[in-house]
Structures are given as C-alpha cells and as structure tokens.
C-alpha cells in the first residue's frame, strides 16, 4: 500500500517516545481525530530539531482542533529518547509534547513513499489524515528545507471547515475568511466580492 491523497492511510504500529517512555503507537489509536504525520531524516541533525520543537510548541493548537501531531524517523527509539534528553540549546529536543515514532525497519517511511532507500532515511514528508483514516494532504520536502507549522494547522482547519460546511476554500484562506460555494451560480457571490 502506498500513501495517496483521497485513499486510506497505510496502517502502522511503531514504538514511540512519549513523555520520556516507550509506548506502542498505531494509527488506529487516533481514529476519529485528525492526524498530522511528519517524517524527519535523522536525529541529532540540523533542521529536524527546529521542526519537532516548533510542532511540539504548537501541540495545544492542534489538540484544540482535534488533531494529533506525530513525528517519525528511521532512528531507533533509543536514539530518539537520547535526543529528547539533550537540551534544546545544545541541538537536542528537550521534553516534547508530540510522540516520536521509531521506524527502524523503514516500513512506515516506505509505505508513505518518503524513504530514500540508499541512505535509509526519510524525506521531510507531511501527511494530514482525517478522522476516517483518509489522507487529505501530502507534501514532501527535500532534506534542506523545514516545514511551516502555521500552514499545517491552517490545512487541518481548512479540511475541517469544508467537511462541516460543504464550501471550498480559496487560495490563502484563513479561518473566518470568505469561502466559495461549489456551484457555478452560487460561486459568483464570492468572486464578485473578492474582485471589487
């Protein structure tokens, strides 16, 4: 099974570092919630801690939207635990509020299409999975550029809005902004107001 937008997310069960201990984490555990699954290439590297720390610091915002952030790496759970024990000022993570999944056999990275086989590391994939287990969004960055927490949160809020209200969202939409009724006639209301 390969991850695709509008398809069921590949299931997984992995050992994770959660609040300083090891815990088995599965996608099934979060059924009924949105899941933001993000992959990082390597523990103790450079861009990765900035991403995990930023998403961890924003964990409450995602929780308030009924979403759980998960990070996955091809490192072992022991490496990930050691990384959380290293202070942030030294390039570590310190305590984090998001589970860190150990994908040491690379099955998760492979199933989600982010594994660089030759190097045994993952590209910076970000997947938004809805409460029914359907993938709604995929982005995959090269190794050198980190992701944007606010954009990930905006996408979760956007998918939730469209699911609830049946409207579609224009470019650069933010919560509270105008939406579009997906109908040839009714959509004209949006375009009339947007182009005055």
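From the backbone N, Cα and C atoms, a Cβ is placed for every residue, glycine too.
What you see is a predicted model, and the numbers here were worked out from it, not measured in a lab.
Positions annotated as active site, cysteine sulfenic acid (-SOH) intermediate by Swiss-Prot, on the basis of a curator's inference: 48. Residues or ranges marked as ubiquitin cross-link in Swiss-Prot: 14, 89, 132. For 3-161, the entry in Swiss-Prot reads domain 'Thioredoxin'. Marked as phosphothreonine by Swiss-Prot: 174.
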Reported as an integer number of Å, what is the Cα distance between the residue listed as 'phosphothreonine' and residue 132 (ubiquitin cross-link)? 24
Which one is closest to the residue listed as 'active site, cysteine sulfenic acid (-SOH) intermediate' in space, judged by CA to CA distance, out of the recorded sites 14, 89, 132? 89
Just going by other Cβ atoms within 10 Å, which of the recorded sites 14, 89, 132 has the emptiest spot? 89
